[in-house]
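Enquirer: There's a structure below that I have some questions on.
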Amino acid sequence: MFKRYSFDITSVVQAVNVIELHFQSPVLYAAQQSRAHSSYPVPPDCPPSVQKGECHVNFIRKEQSSFSWDWGPSFPTQGIWKDVRLEAYNICHLNDFTFSPIYDNHAQEWNLEIESFFDVVSSKPVSGQVIVEIPKLQTQQTYSIELQPGERIVELFVKINKNITVETWWPHGHGSQTGYNMTIHFNLDKGLKFKKSAKVYFRTVELIEEPIQGSPGLSFYFKINGFPIFLKGSNWIPADSFQDRVTSDVLWLLLQSVVDANMNTLRVWGGGIYEQDEFYELCDELGIMVWQDFMFACALYPTDESFMDSVSAEVAYQVGRLKSHPSIITWSGNNENEAALMMNWYNIDVSHLDIYIKDYVRLYVENIRKIVLAVDKTRPFITSSPTNGLKSIREGWLSPNPYDTNFGDVHFYDYVSDCWDWKTFPKARFISEYGYQSWPSFSTLEKVSTEEDWSYKSRFSLHRQHHENGNNEMLLQAELHFKLPQSTDPLRAFKDTIYLTQVMQAQCVKTETEFYRRSRSEIVNRQGHTMGALYWQLNDIWQAPSWASLEYGGKWKMLHYFARHFFAPLLPVGFENQGVFFVYGVSDFHLDCTVILTVRVHSWSSLKPLCSHVTKHFVIKAGEAVRLYQEPVSQLLRCGNCTRQSCVVSFYLSTDSKLLSSTNYHFLSSLKEAVGLHKARITAIISQQEDAFVFDLETSAVAPFVWLDVGSIPGRFSDNGFLMTEKKRTILFYPWKLTSKSELEQSLHVTSLTDIY
């Protein structure tokens, strides 16, 4: 599944030909390979029973999650999943071509290394000229080449015209994604011509691991074009169990939703697939940085000769195919396998540990890493995720505790502790996985279910939940701060529960992400300097409960709307510590900015703010998080005779005349204890405005978590899941397909928190 095959059929081809393909069940093949590996077991044998999957997936080079995962079904497909073609030539053929832009620090100029792979079948050498043209950079260079018979690589070194300013590629939110059209003409003997066109992007990437003042360990962050960038985003899984369904439209919708939510990074997770070319082309165009895992996940793997040979071919092919993309900023050897081995997930006898450590180093270091460094010198390689980076390397590539918060990246999950308490979360250097589950909306589930399925405890609900105790965990977390739905109507109760799981997920991930973002500039108790937050997970592979913020089909969950805010380039973050309320200002900008902070106190029972506090002007330095405000909660509550239960705080950043951030809020108590909340009657008047629709909302009372749902009409709102503290609010709807005002009016359903009680 992960490499391209090429066969020379010259000796067998006839006037009439038949190609016959014989397929073996991948499940049976994997089991056979496991049995054949009789010297010692390579765990895990099978997935947990809750995943309803197939066994021994680590013995087949195929999408690991296709044998099931904790968010997806078991569909181990078989067949040829990419194009098949016949190529005929009698002199030579250009099989492949790839390139790497490289910045020469000493000469302060850009160069381009181009590799072209030829198969020369003529018995005599083939000579000619190569012309490389990049018109916008006023670069044109001509080379003479001579190709000897056999498989040949032509390496060209192109110096970019030093007198022309080269615009670099920047991640989304940090600059433009400028690319340059390049054409290469091969004019060879006997009138043989080849022409290749490609887009060239120029950017540098560095992974910085260095000592930090006041903290043990090392930093772990990325610099793009010399500028430190906080990686904001999520983790990408395969978009469908059947990849031929992943069309250009599907990819565009999902990746556009990434940048629409102010993200700049996706981690292509190591249990899926190396994505199709178009995925990386779109990431290049949209400015989405890609942390690219190799396809090894949550397992140990065999290292016999045939397996290693297959992996070598896979890695060389994939790195060669993908290395020209500026969006890919790092290669990572695997997902969680350092942790699996060193935290002994598979209960390996300590006396046998040496065998598995040797296998790990043989596979990821002596094989994969060696090939990556030989084929691509333009970006870093990380052995695993999570890993302790340089510390893991010093400790023989495996750290006793790969979750050390003072090094590398961390994966963190905790469904039991209170997610509103930021002290639960690790003050780590980089968090590449974290998250909470929720259910997708009813309109998404309805397409694959019938009436008997529409209950939280139905066979359908249990069948689609592939994470142990997942359905209960969602309710237990929700119950910490909300009353559970109380309707006696089973369908209503199901819909309300879906809504509440989305509220819980959105609020949990918001609290956690805001903690990571405000930790970027400070060291507290010798910990901090957090420079990345990639929540688990972006997308869904089917209609089921999962950690995703985009449902199968692309509909935004409440979490994705929240992500638009908590990943905004300028963000005010509020939190409490020991009875004191703080607000930090977080900036991703490349320039300092001057802001005013406005803090308001609202009563749950009134649409008019009780009081408002406006600060002096503050300067938030480029790429920093700074404290803007602190006040004891007891002082805040003096406004309007508030109690923690009767009031809520909101805050935003502005200049004298212009709003700079969206309004954020801080709950002073659990909402199940809120006093004065009335059932809000929310009306909407819909009108059309060019390609969008305007929803003019009016509420009779303060309404938390206002959720606008237009069922199966594809599109997204400008905001959703919001706290409505003012009488009127205007929201836009951007349709993804043609729709009408009347369709929207018929489909619209508005829910806020008090509606589920």
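Even glycines carry a Cβ here, placed using N, Cα and C.
TrEMBL does not curate its annotations; it predicts them automatically.
What TrEMBL records for this protein is below:
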DOMAIN    1-82  domain 'Beta-mannosidase-like galactose-binding'
DOMAIN    222-385  domain 'Glycoside hydrolase family 2 catalytic'
DOMAIN    582-672  domain 'Mannosidase Ig/CBM-like'
DOMAIN    677-756  domain 'Beta-mannosidase Ig-fold'
Enquirer: Per DSSP, what is the residue count of the domain 'Beta-mannosidase-like galactose-binding' (1-82) in each of helix, strand and coil?
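Expert: With helix first, then strand, then coil, the domain 'Beta-mannosidase-like galactose-binding' (1-82) has 20 helix, 6 strand, 56 coil.
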Enquirer: Looking only at the domain 'Beta-mannosidase Ig-fold' (677-756), how are its residues distributed among DSSP helix, strand and coil?
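Expert: Helix, strand and coil residues of the domain 'Beta-mannosidase Ig-fold' (677-756) number 11 helix, 40 strand, 29 coil.
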Enquirer: Which whole-number mean pLDDT does the model give the domain 'Beta-mannosidase Ig-fold' (677-756)?
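Expert: Mean pLDDT, the domain 'Beta-mannosidase Ig-fold' (677-756): 97.
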